[in-house]
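In what follows, a single structure is set out as structure tokens and then discussed.
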Amino acid sequence: MLFNKISLGGADMKFPSIPDKTPFTPLVVMELAEDTNEEAVTWLTSRIKDTQQSGGAELMIDRLTLDDNQDPKKENQNIFIVGASRERLLVGAEDVGLVKEFNDGSMRGFTYANRENFKGFQGDGDNFLSMAECQFIVKHELDTLRARGETHVPGYPKIRLYPGKSVVRRIQSKGILVQIFPLHDKEELKRLSSMWYQNVQLSFQPLDDIRHYFGESLALYFGFLEYFTLAMVPMALIGMPYYLFDWEDYDKYVLFAVFNLVWSTVFLETWKRFSASLAYSWGTLSRKKAFEEPRPGFHGVLGINPVTGRQEPVYSSTKRQLRIYLVSVPFVLLCLYLSLCVMMVYFSAEGLVLGLHDEEPTFWTSLLLYVPSIIYAVVIEIMNRIYRYAAEFLTDWENHRLESSYQNHLTLKVLVFNFLNCFASLFYIAFMMQDMQLLRQSLATLLITSQILNQFVEAFLPFWLQKRRNKRVHRRSGKVSPDQELPFDQQVMLEADMSTYLGTFDDYLELFLLFGYVSLFSCVYPLAALLAVLNNVTEVYSDALKMCRVFKRPFSEPGADIGVWQLAFESMSVIAVVTNCALIGMSPQMKSYFPDSETQLILVVATVEHVFLAFKFILAFVIPDVPRHIQIKLARVEFESMEALKKKFCVMKRKGEKLAHAYITVIRNLSDH
């Protein structure tokens, strides 16, 4: 295969050159099913190549040419590489609402006509767009490739097409399109890896470079992970001497609980300001939200969309609500009940082991005390993962039209179960058994065991499996060392076999549970924050490793914040206020002030809780989510846009008045004659 080379987004990348065809940079790979009808393949590729005026995507697409060493019978022949001309990408940047830095330093929506006034645009704009942005644009153009007069997919009369609806999403939901993913840039990936995780050093993550390669949403996750880790350092520093000197003195955990309450509130409020600064510098804070298309898996009877007026599948909201409240909600409640049953089995085992130790205390029985907690922690992780698959199945079955609605319902299901499954035993020990020593032991065991299991399952196991796949591909291609560069077609096939990154959901969920362990009960076990810091440091490196070496490159997703997870963390911090105030009320120090009146103690604790909640909400109100200087910049851009619109309207009005005056003059002249 011949190769040419161009510069894209600051990085040189090789791409295939097809004789008698215009060469282009391969950005995206589309894999169709092996048995796809050739008529459908021809129709799809022609629609992708057609000009926008004729309803096409105006992109470049070619079938991947396999190396002579590969057996065509064993490899899928329906793999295509997709790219676009530089001018098409710049026009597409305007279509997707890309926000870039203007020459005056402000962030403005990019327009092709005004392209030379944007910072960094030189010549024909060769290095203006990053490769991640180019791939996002190509994906957007493919997703918005709409059916015209076709009633069905050529070669598949049973697969109907609806006018104005996405062709790519339709064939993806029907299994014709197997997968679509962006290609890695090997040179850029090596540079990012060396700055990010290959050299262990105490430094901040290269968030701008992560955003440049993977997009804003993933960069915001790593930014939140780093910010969360740094925010826990004060908790860890205070917790270490607290653990060493006040291990058995529960009277003094009141002060640590108060600090815990203030910390959780300040951390979340300052994070919102930091994320707003990041989003502004990346051009996503002021970016307009695009109209959301239906999910690929959405199905229904043919009807009219009341918003667009187009024909498309519609599904009764009444049926969906019935599925949610008559099936999904009872199923979730059943799972919660089973989780509580497992918890009671754990307590029975804990009591049995404790009885054995009390009868004959030895070294082995003292070790045996930790066995029920370790087994219970493993069972919790297994139950969480099984429930996750059940929750995804149920949410799919509910048939939500939009991806945002699907994610909100899935998140709610998973959070409710995970919260109860992970924390129910701790609440029971703290407030029913009131055994602080057992609470500390259970918290430590759950925290450490879950961290070890997550690191193994999410990072090391996938990395080992991918390493084995890499070795097989290199042996098949005749390469001795895994570090040797593969031919282009072999590299595409290798990336096609990589695991697909399913988004930041599981990563945020892990941090959410970790935040719960630290904010809810760390006053009883002060080392929780230190263990969380150590976990997050290793999490940075393991997550970076799996993003660069294990998974396919994900498409860039614009994001201005961490979305629904901000609300989830804030809800956890409210629960932490109630929990810590209750723990303060249960301390011997507080009980000594009210030896004869438990009612007064409860009233005092409730008052303190309300004071802290009021303080939390006042602090959230006083600290603005967006820094003042960014608010001013956004307001100035909005003001200038309004002024430009008024000026344009006045010019059009004057032109209209001149035309009207000229028209009247012509009419008068004609009437005189």
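Cβ coordinates are placed from backbone N, Cα and C, and glycine is handled just like the others.
Taken from TrEMBL, the feature domain 'Anoctamin transmembrane' covers 210-636.
According to TrEMBL, the feature transmembrane segment maps to 218-244 (among others).
If you look up TrEMBL, you'll see 250-268 (among others) marked as transmembrane segment.
Per TrEMBL, transmembrane segment is recorded for 324-349 (among others).
Beyond its flanks by at least six residues, the transmembrane segment (361-379) meets 342-343, 346, 349-350, 353-354, 425, 441-442, 445-446, 449-450, 453 of its own chain at Cβ-Cβ distances under 8 Å. TrEMBL lists 361-379 (among others) with the feature transmembrane segment.
For 410-431 (among others), the entry in TrEMBL reads transmembrane segment. A Cβ distance under 8 Å defines the sequence-distant neighbours of the transmembrane segment (410-431), meaning residues of its chain 6+ beyond its ends; these are 328, 332, 335-336, 339-340, 343, 346-347, 376, 380, 383-384, 387-388, 391-392, 394-395, 438-439, 442-443, 446, 450, 505, 509, 512-513, 516, 520-521, 524, 564, 568, 579, 582-583, 586.
Annotated transmembrane segment per TrEMBL: 443-465 (among others), in sequence order.
According to TrEMBL, the transmembrane segment annotation covers 511-534 (among others). Under 8 Å from some Cβ of the transmembrane segment (511-534) lie the Cβ atoms of residues 224-225, 228-229, 232-233, 235-236, 238-240, 242-243, 250, 253-254, 256-257, 260, 263-264, 415, 418-419, 422-423, 426, 430, 436, 439-440, 443-444, 446-448, 450-451, 565, 568-569, 572-573, 575-576, 579-580, 583, all in the same chain and six or more residues away from its ends.
Per TrEMBL, transmembrane segment is recorded for 601-623 (among others).
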